[in-house]
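Novice: This structure is in structure tokens; I'll ask about it shortly.
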Amino acid sequence: MATNYIFVTGGVVSSLGKGIAAASLAAILEARGLNVTIMKLDPYINVDPGTMSPTQHGEVFVTQDGAETDLDLGHYERFIRTKMTKRNNFTTGKIYSEVLRKERRGDYLGATIQVIPHITNEIKDRVIAGAQGHDVVIVEVGGTVGDIESLPFLEALRQLAVQVGREHTLFMHLTLVPYIPTAGEVKTKPTQHSVKELLSIGIQPDVLICRSDRMIPPNERAKIALFCNVAERAVISLKDVNSIYQIPALLKSQGLDDFVCERFRLTCPEADLTEWEQVLYKQANPVGEVTIGMVGKYTELPDAYKSVNEALKHAGLTNRLSVSIKYIDSQDVETKGVEVLKGVDGILVPGGFGYRGVEGKIRTAQYARENKIPYLGICLGMQIALIEYARNVAGLTKANSSEFDKDCEQPVVALITEWQDAEGNTEVRTDESDLGGTMRLGAQQCHLVSGSHARELYGKETIEERHRHRYEVNNTLLPQIEKAGLKVTGLSADKKLVEIIEVPNHPWFVACQFHPEFTSTPRDGHPLFAGFVKAAYENHKKSVK
């Protein structure tokens, strides 16, 4: 079967939910038995989002093969079974970097390098490479139509549609249809102008996804179809919903998947959305509730912890609980004290970088340990838990990480100088290494110690989880900390790197060096998050007695 391409663009304003719409359509097509993948093309000049501020860009999602990518790839993996790879996300910066590398190498035989054809050809080549082996590939273009940054991508997709044939391509455009209270009606003019902008660069959309706070009336959909030269059945109303997991059913109810299959002449069974119905049922019928305190430094933008937020919700589904997240700035713990932690049923310290707010996180771990509050530490959340235990229990009063104090006398956490990547190649790092693309990244095996919380939750000896860090537990000082009672319950494949620690004589205190949030899904959840939320609920029941 030839690969079919769905190109997703957005107009009028940003943040309309192109990623969610693309992932939801992919989920329906997957439920029809098709092999689907999704790609994200980002117009910014950064090579990848690895060094971008989380408060500007949101979280960095790490793929199985170690690519640092846009957070939308997290949505893709939560909606479909296909795992994303480095092929599923690339930026303008990465495209230009590769074209310039080829030019320096002489690949273009002295040609004058131009946006057309060299940049557009590189974009097309990457899209085609990422689509290999799939029935349908959905390609989302970041940004808004009309932005100068996205023009090379749109031109490349226009060319690709001609190259592979319009019978194998479909353009889906998301647009805003605002409701004006004073007029008492929705307005279609922004959509018409957005489509006009697309037409000016040679793209005629085949499907319009109309975002609004309400369903678009049939007469307005007919008007949009007429003025935008789109079939009326291809004008889809996408209203605001309580849960993003309602969107697959909402799109299916309007026949979007049927339209796509007919367009590509695909014969496949009806979509079975039973799993999504079960997710929604659990979400709508919780048997209890818990409040999780998330202590971090990027709390002003929840998207900075997008996968953690979603993983907590998934754990709620697994336990039939409603999970409320209380965001706590770690600097507030430093300035206002542990009073800001009162009233939560469990405490989670997610990953992060840099010194700001670290002492607040260390005090948070101490508070959770001493007050028997369920604690889950992720990446930096494990490192600060280790520092706290070393200082206050193991007698290493000057314990710290060399990330925060390069002249630390007792560096219980230090820079990884050498390790093997997924392909077995030796990676070497120093303090002088670039920040971008120089971490321990991607899926790594971990061996679990029997009798531990981790082993009980996972139910197996060897697991695989994704990493994103450049500092590790210092094995030189580890024996003294273990002697004081801390349990190392997870080790890397070569048994040299600490992956999981647990505090004994505590209801639930588990911290891991990897990022379990990246593999949590609404249908399957994740063992560590499920165990953590369950323990938080047990703590909640004690507190209300």
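Including glycine, each Cβ sits where the backbone N, Cα and C put it.
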Novice: Which one, Lys40, Lys223, is listed by Swiss-Prot in the same UTP site as Ser14, Lys187, Thr188, Lys189, Pro190, Thr191, Gln192?
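Specialist: Answer per Swiss-Prot: Lys223.
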Novice: Ser15, Leu16, Gly17, Lys18, Gly19, Ile20, Lys239, Asp240, Val241 bind ATP in Swiss-Prot, but which of Asp65, Asp70, Asp72 does that record place at the same site?
Specialist: Asp72
Novice: Look at the L-glutamine binding annotation in Swiss-Prot, where Gly352, Leu380, Gly381, Met382, Gln383, Glu403 are given, and name the residue from Arg455, Arg466, Arg470 listed for that site too.
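Specialist: For L-glutamine, Swiss-Prot names Gly352, Leu380, Gly381, Met382, Gln383, Glu403; of Arg455, Arg466, Arg470, the listed one is Arg470.
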Novice: For the recorded positions listed here (Lys187, Lys189, Lys223, Arg470, His515), which one has the lowest count of neighbouring CB atoms within 10 Å of its own CB?
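Specialist: The recorded positions Lys187, Lys189, Lys223, Arg470, His515 were compared, and Lys189 has the fewest Cβ atoms within 10 Å.
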Novice: Can you name the recorded positions among Lys187, Lys189, Cys379, Glu517 whose CA is within 10 A of the CA of Gly352 (L-glutamine binding site)?
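Specialist: Near Gly352 (L-glutamine binding site) by Cα: Cys379.
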Novice: Using C-alpha atoms, which one of the recorded positions Met382, Glu403, Glu517 comes nearest to Thr188 (UTP binding site)?
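Specialist: Nearest by Cα distance to Thr188 (UTP binding site): Glu517.
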Novice: Just how many other Cβ atoms lie inside 10 Å of the Cβ on Leu380 (L-glutamine binding site)?
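Specialist: I count 25 other Cβ atoms within 10 Å of it.
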Novice: Write down the Cα-Cα distance for Lys223 (UTP binding site) and Gly381 (L-glutamine binding site), rounded and given in Å.
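Specialist: Just about 53 Å between their Cα atoms.
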